[in-house]
Amino acid sequence: MTDILVSKIRNFCIIAHIDHGKSTLADRLLQDTGTVQQRDMQEQFLDSMDLERERGITIKLQAARMKYKADDSQEYVLNLIDTPGHVDFSYEVSRSLQACEGALLVVDASQGVEAQTLANVYLALENNLEIIPVLNKVDLPGADAEKIKQEIEEIIGLDTSNAINCSAKTGVGIKDILEAIVRRVPAPQDEIKLPTKALIFDSYYDPYRGVIVYFRVISGSLNKREKILLMASKKNYELDEIGIMAPDQQQVDELHAGEVGYLAASIKSVADARVGDTITLLNSPANDPLPGYKTANPMVFCGLFPTDADQFPDLRVSLEKLQLSDAALKYEPETSSAMGFGFRCGFLGLLHMEIVQERLEREYDLDLIVTAPSVIYKVNLNQQEHIFIDNPSTIPDPQLRESIEEPYVKMEIYAPNEFNGTLMGLCQERRGVFIDMKYITTDRVTLIYEIPLAEVVTDFFDQMKSRTQGYASMEYHLIGYRKNDLVRLDVLINSERADPLTSIVHKDKAYGIGRSLVEKLKELIPKQQFKIPIQASIGSRIIASESISALRKDVLSKCYGGDISRKKKLLKKQAKGKKRMKAMGKVEVPQEAFMAVLKLNQ
């Protein structure tokens with residue numbers, strides 16, 4: 001393997017918004033360079049998870065090595081490092097960009113530049129990548145390549161005079177892209193003589209070999225059977241195998257600076273080999289790790305409960321297995337009077353949450369109830385102390401706290417300007433603070449808002465898409481905590497608090513939400529032998545209340561005529577029984593009721 005000159009290596013990635021044809025383009029590159037034979041080809045070859053193919057998104061990174069004979073009759077090695085395009089996975093994107101020297105910026109010629117593309121382009125520019133603009137889907141009837149080129153120049157400031165028009169589906173322009181990669185993407189720096197450093201840009205769990213780590217050698221070289229040290233986790237391992245992805249794994253004896261490969265070293269869990277960590281040699285380690293490593297912190301939390309209590313052990317095992325391949329997933333056990341045993345889980349964002357839930361249901365065959373998503377609140381206690389809380393039901397009572405702060409995000413929404421009004425309306429409904437509005441082109445606008453994260457994690461994305469016919473796109477990042485007039489809204493069923501329905505809401509919205517919650521529960525909870533009050537409360541103050549009337553059993557049906565005192569005695573006995581029942585009786589809330597209420601727009 002070492003006969004490859006560093007000057008003949010090109011490491012690049014593809015930046016694109018969801019649905020702009022990134023995976024199809026990757027397939028076409030693999031096919032045209034002969035890396036994957038026609039008969040083995042399947043659509044979206046690099047998206048190995050069924051879920052990725054179905055949703056058409058890239059979740060876990062993949063990498064592939066291609067050999068390409070260029071027009072100058074030299075053979076080059078092209079390493080394609082795949083990146084996820086979704087905002088939840090932006091840290092993973094930033095790491096894979098650090099492993100590259102160039103990027104293909106793929107823009108749909110019929111749709112134009114979208115928010116997440118922009119966010120990733122700025123990351124690429126920060127890493128000094130050579131960016132090659134590619135206009136995909138030029139074969140579509142609605143494609144307007146010239147207009148989109150102008151848009152790229154105006155929005156991003158990239159020179160598009162040598163942008164490439166292509167159609168990944170029909171294969172037009174693929175040769176031009178390969179030539180552009182060879183000519184325009186710089187070769188890696190030749191740092192074979194320096195101490196070994198390699199950047200982990202992805203890892204996944206293999207049940208037979210332990211964690212498989214994808215890495216890019218930045219300096220020095222790695223040999224089979226060497227002992228390695230991971231600088232952030234301070235753990236050391238002996239290499240079992242190293243190799244390249246072509247795109248199936250092939251073992252090699254050595255990889256040197258500039259090359260991209262995989263390693264297996266009997267690593268037990270993905271958390272030990274975090275994305276962004278630096279690999280070095282145990283016997284002659286590098287002095288300092290590569291910059292930019294950070295652990296991904298969850299931003300969105302929810303409770304996961306099995307619908308069948310017997311499945312709790314299975315849920316625990318499945319979460320343990322999932323965590324082996326998803327280091328960003330955090331969980332801890334939680335119990336609830338209404339739902340039984342379950343787990344409180346933390347995720348990077350809403351998409352991450354949906355994917356984990358779907359993988360649990362699909363790969364591990366579980367049936368789950370998911371409580372409403374919440375964020376981490378900062379609760380300032382009276383004694384100048386503060387605590388962070390991710391579960392609304394554990395927030396202290398009003399007399400024990402001074403204020404609640406919630407996380408805010410800075411959000412940029414890109415949309416055609418005819419949707420300006422509806423989007424501003426949506427942001428105002430969600431307590432957004434207007435910051436700025438920029439016209440990027442004559443018919444597209446950027447709205448910048450600062451908005452509470454709690455308002456974004458519910459259904460903001462769906463609402464934004466439906467109000468703009470799918471044309472708007474957004475991206476956001478955390479900007480810190482702010483004090484707000486927030487209250488804990490509890491739901492009491494027969495004077496008992498139902499934890500899964502507790503939420504943190506703004507005081508102005510509390511009445512409306514409380515009202516709709518109790519009305520919905522009244523429809524869904526079946527009648528009992530006694531009257532059930534359903535109340536929404538803030539602290540000790542009831543703000544909305546409904547009651548479910550009792551079922552009436554006719555105790556007088558056996559008395560035909562006869563003395564009135566006999567009837568009175570029976571009625572009195574019934575009233576006494578009902579009183580006792582009300583004091584002792586537990587209301588079984590059906591799970592459908594919880595499901596429906598959780599679906600109620602937050």
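Glycine is treated like the rest: Cβ placed from N, Cα and C.
Per Swiss-Prot, the features are as follows:
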- 7-189: domain 'tr-type G' (DOMAIN)
- Asp19, His20, Gly21, Lys22, Ser23, Thr24, Asn136, Lys137, Val138, Asp139: GTP binding site (BINDING)
| Which of the listed binding-site residues (Ser23, Asn136) has the least company, meaning the fewest other Cβ atoms within 10 Å of its Cβ? | Ser23
| note | Across the domain 'tr-type G' (7-189) the predicted model averages a pLDDT of 75
| message | Under DSSP, is Val138 (GTP binding site) part of a helix or a strand, or is it coil? | response | coil
